[in-house]
Amino acid sequence: WQMLAIYMVLAASLSEQQALKQACPSCYASQLCNCSSMGLDFIPPGLTAKMTVLNLAHNRIKRIQSQDLQQAVNLRALLLQSNKISSIAEDSFQSLAKLELLDLSSNSLAHLSPLWFGRLFSLQHLHLQGNSYRDLGQSSPFSSLRNLSSLHLGNPWFSVIRQGNFEGIELLHKLWIDGSNLSQYEQGSLKSIKEINHMIINIRDSNIFSEIVRDLLHSVTWLEVTEIKLPVEKKSLVQNSIRPFKIQKLTFKEAFFTDQTISQAIVLLKEITSLKELEAINCVLEGKGIWNTKEIARSGQSFVETVTIIKIMIQNFHLFFDLEGMESQINKLKRLTIASSNVFMVPCNLARHFSSLLYLDFHDNLLVNKRLDETICKGGWPSLQTLNLSQNSLKSLEQTAKYTSRLPKLNNLDISQNNFGEIPDVCEWPENLKYLNLSSTQIPKVTTCIPPTLEVLDVSANNLKEFELQLPFLKELYLTGNQLKTLPGAAPIPNLVALSVRRNKLNGFSKEAFEGGQVGTVHLSLMECHRSLVVSLICVLVFLVILLLVAIGYKYHMVWYLQMTWAWLQAKRKPKRAPPKDVCYDAFVSYSENDSDWVENTMVRELEQACPPFRLCLHKRDFVPGKWIVDNIIDSIEKSHKTLFVLSEHFVQSEWCKYELDFSHFRLFDENNDAAILVLLEPIQSNVIPKRFCKLRKIMNTKTYLEWPAGEEQQQIFWENLKGVLKS
């Protein structure tokens, strides 16, 4: 009995392993098991302790049962997102003490049970978003997850957050909540989490937003809010909260502002004295810039040092006011980015009050040279060190250089991707300029317009044919994507450390070009360094690919498929059937040459000498000489009431009568008619027939055969049956 029991256990284990191999071949004897997008509606059996990663995403799994994952005790990652899971047994994950990542997002879970996660002591990343639960329950589902680092939850139906829902979580690197329809938030619910590095929340209710901010003042470092309409209320965001606060960065994405709400938001956010960075991405501002500047000024100085605005949409932006009265709010700002936002000018008076600004990024806007004169006026941006004006509409390099020369501390200038087209011989630049980016500016050459003070110069993606400038302090030179045929000389740039000359027309290097200077490191692509070798390798690879395609084509009869496709296209141009008056045969006979003796001496004699006689079409006797074989086949089939197949082992193994005759099958079955008669000279299994003749395999499984018998009495019955079919 013990041996029997052991045998039964082993048999069951082997059966499960076989089932796993069949359901998901990549899982068999592998640590990484990828069963995603395989149409599975259950977790495959046979999972073992060898597996560390199990990916079952994008299937149709509806439930997880107790025994499904019981043996997978060493799993580190379990991916179950995008299924239809609505039911999970309470002890389903009980054996997964080593699990670090669990993704149950985009399923149909209507509630969350604390028992699911009770034994997941190593879990660091939990994804629960995109299900159908409306709340997290009365207590915390996460109380045992002491090592949790990132948590994703919420959905369009998620509406309630209660006190105690996050008990047990002390530190999170990332918390993501989809609360687009959140309607109830109990004050203090998020306070139990002591530290959150980055929190992202999708929320529309401005009152709940204010309550959440009050709870996060001492725990969140970076708060990111999407889809919100900012509040108009004047209720304080900090109320009686004790300083110091922790929140340093606040990001708004796809938010909606008006002149009134943005004025109030500026006043309220000043109360968060720890806030150093504000960011607005893909937001909408409805207004003309008529802000309540007096109230903003009365509320005191802002502590924000960095402002980033990307892709803000302002309807009728050309009517936007110059923000007069905001001068007192910007003099402490150190970094400002306004990109892809249709900026065409900054008033000179406003520019002069950016007294502490070190970094200014206006890339991808509508600045032109005429407006740049106003934007960079004398006395404006007095502390600016870095300026990015790339992807604007600047046309004159000479004027651009002149205006930037008004910035006394500027050392880094990016004016790439402007269409200058030409370059003068002399330009006026800032005295301390060390970095200049002139890439993709359509300049045809370099002249002494380039300032000699530079340490880094980028003139990539232009039309330069040579580079012969004297730049004694230059350390990095980028010449990628030009038309250079020779390297720049070493003597004019004695301090050069890095040189990029990729995608040029260089044919070789000479020792004189370096004048004895030692090159530390050279980064050349394989094509640039060994062109002939690469070309040879490519030719060999192309030859091998062609050889492989020929081999595959031969193995899988690709030539036959091409022939049959061409024949089918030719046949499509002809009518499906000949007119009744042109039908002159009772049957077209398809047979192998090896069976011709039986066909010509037995079957033809029996049928054509019957009373009344049958007229048969044989390719040897009735095909028109000189006519293309395919046309002969088509015409014969069309002029016959039936097509009679004489099947045997010879027929199957003879390349189906030299492929051309096979078109009769192809044409016949393509029309889906019922004119086929199958005569078996000897027993033949349908699985012996080549797979490419799938329609014939199918018809052999669905139609009745006429099988040639051995006895004379049965042969007489055979002939009577065949004659009856031919007459039908």
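Placed from the backbone N, Cα and C atoms, the Cβ positions cover glycine too.
Neighbour count (other Cβ atoms within 10 Å of the Cβ, all protein chains): 24 for CYS33 (disulfide bond). Taken from TrEMBL, the feature disulfide bond applies to CYS27-CYS33 (among others).
Look at TrEMBL and you will find CYS348-CYS377 (among others) tagged as disulfide bond.
For CYS427-CYS449 (among others), the entry in TrEMBL reads disulfide bond. The Cβ of CYS427 (disulfide bond) has 19 neighbouring Cβ atoms from other residues within 10 Å, across all protein chains displayed.
Look at TrEMBL and you will find 583-726 tagged as domain 'TIR'.
Residues annotated as signal peptide in TrEMBL: 1-19.
According to TrEMBL, the feature transmembrane segment maps to 533-554.
Put plainly, the disulfide-bonded residues CYS348, CYS449 were compared by Cβ crowding within 10 Å, and the winner is CYS449.
Sequence-distant contacts (6 or more apart, same chain, Cβ under 8 Å) of CYS377 (disulfide bond) comprise CYS348, ALA351, ARG352, ARG406. Reported as a whole number, the C-alpha separation between CYS449 (disulfide bond) and CYS33 (disulfide bond) equals 61 Å.
Spacing of CYS427 (disulfide bond) relative to CYS33 (disulfide bond) is 64 Å (Cα to Cα, whole number).
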